[in-house]
Amino acid sequence: MGSEQTWFSWAHCQDSESPGPDREREKRWAELFDQLDLNKDGRIDILELQTGLAGRGLSSGSVERIVESGDTNHDGVLDFEEFTEYLRTNEKQLKLMFSSLDKNNDGEIDAAEIQLSLRSIGVNISVEDANRILLSMDKDGTRTIDWNEWRDYFLFNSLNNMEDVARYWKHSLILDIGEQLTVPDEFSEEEKKSGYVWRQLMAGAMAGSVSRTGTAPLDRLKVFRQVHGSTHFKGNVLSSFRYMVKEGGVQSLWRGNGINVLKIAPETAIKFTAYEQIKNVMRGGNETTNLRVHERFVAGSLAGAVAQTAIYPMEVLKTRLTLRKTGQYSGIADCAKQIIQREGVTAFYKGYIPNLLGIVPYAGIDLAVYETLKFAWLNRNRGLDPGVMVLVGCGAVSSTCGQLASYPLALIRTRMQAQATEKGAPKPSMLKLFHSIVTQEGVAGLYRGISPNLLKVIPAVSMSYVVYEYTRIVLGVDIEGRKRKKGKKKDG
């Protein structure tokens with residue numbers, strides 16, 4: 001918190017230009033250098049920079065890039081001359097960017113100018129989104145961004161073009177907490193052409209694989225409680241785990257995880273492709289038309305429905321494999337074969353209707369809560385970038401709210417998926433099953449298994465975020481979305 005206050009006291013001094021602006025600027029830079037030089041050795045290393053700029057939401061990749069850009073003698077640290085030269089060069093670039101955004105040359109950037117500039121590179125945002133961006137930078141509450149606010153906000157971020165600005169504002173993240181019903185992210189045409197989108201989706205798939213595997217025991221417990229209610233599991237989470245381990249050993253806790261991980265890639269790819277096509281239809285072929293939040297929700301829900309329809313047989317297989325007893329199936333293929341022989345092909349779409357109905361409350365509430373939390377944070381923290389961890393927190397809370405709203409439908413879906421009936425035998429409908437649960441178990445019966453489901457949110461989000469960030473670094477894209485440039489180290 002101290003570093004944040006130090007930064008703002010320095011930035012505030014920058015707002016008033018003195019008669020000798022160059023001398024005043026050099027003086028402020030010297031003060032900032034002294035504040036960042038924690039051990040007072042006349043040099044700033046990466047750790048000192050990370051500590052001093054902690055309140056600005058910069059990733060480790062951004063801090064490394066600052067040192068790489070300014071370190072002219074390649075000794076891994078910045079001395080005062082290198083530090084001031086970096087700031088001087090960056091400020092010149094920021095001035096050019098500011099001038100290009102300020103279309104009417106009034107010395108201020110408004111929401112319409114932000115919207116117009118992003119549209120020029122294929123990023124179509126609504127007026128509401130443009131105002132949110134403006135709010136994150138507007139420290140004096142004028143609903144516009146002047147040069148001082150622009151400079152202070154981006155001083156430690158190298159921006160070369162509008163694509164860099166767009167990616168910085170967007171902070172795209174794909175977090176996987178076991179359900180893929182969220183509305184897909186927005187990408188510019190440049191990002192699609194460059195392959196950035198698929199690198200990001202790949203990073204998201206890797207993160208989802210690790211987080212699902214790490215929380216698979218809790219997911220299996222959730223499914224067991226959803227299907228069997230209180231008949232098998234009357235105790236707490238620990239006693240339930242003991243029951244499963246006793247039946248099939250420790251490895252049984254991961255039953256069904258293989259296919260749960262396998263379905264991530266096709267579901268992500270289908271949903272993203274469908275989302276882009278549905279957006280084009282809604283725009284009427286006009287790429288400059290902006291989709292508002294409720295339109296994004298509709299497009300996202302429809303894309304989710306398309307993806308779920310395509311991979312739904314894998315959902316049924318996942319439920320059956322998760323619930324299987326020792327020796328019941330030899331693998332995924334054997335499970336599919338037995339289902340076809342005993343129940344017919346239609347069994348692969350058991351629970352399909354409640355699954356589709358669950359998409360609407362989940363995606364709608366997830367998107368609404370996420371936007372509300374982010375906007376509330378920006379209102380309370382004017383002129384601050386939310387940073388990655390704030391967005392991760394908003395994503396975790398919004399996804400949890402979405403799950404709570406759609407949970408009864410998810411429970412009915414799982415019970416219908418788990419029902420093994422003979423070919424031609426009558427299948428209980430969704431409404432009959434709903435009535436049966438409420439009659440026999442009460443309203444609480446619709447929330448069986450909710451506790452392990454909530455318990456897995458924090459570890460799933462944590463694992464997903466860590467793996468996601470490192471995978472993006474390996475793929476050559478850091479958390480701000482820019483391609484990392486590996487500087488050649490020279491012996492100094």
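All positions are counted from 1 along the displayed chain.
Cβ coordinates come from backbone N, Cα and C, glycine included.
All TrEMBL annotations are machine predictions without curation.
The structure displayed is predicted, hence computed values, not measured ones.
Look at TrEMBL and you will find 1-24 tagged as region 'Disordered'.
Annotation comment: TrEMBL describes 24-59 (among others) as domain 'EF-hand'. The average pLDDT computed for the domain 'EF-hand' (24-59) is 80.
The DSSP breakdown of the domain 'EF-hand' (89-124) into helical (H, G, I), extended (E, B) and coil residues amounts to 22 helix, 2 strand, 12 coil. As annotated by TrEMBL, domain 'EF-hand' applies to 89-124 (among others).
Annotation comment: TrEMBL describes 125-160 (among others) as domain 'EF-hand'.
What TrEMBL records for 195-281 (among others) is repeat 'Solcar'.
The repeat 'Solcar' annotation in TrEMBL covers 291-376 (among others).
Secondary structure of the repeat 'Solcar' (386-474), assigned with DSSP and counted as helix (H, G, I), strand (E, B) and coil, comes to 73 helix, 0 strand, 16 coil. For 386-474 (among others), the entry in TrEMBL reads repeat 'Solcar'.
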Summary of DSSP states over the domain 'EF-hand' (24-59), given as helix, strand and coil counts: 23 helix, 2 strand, 11 coil
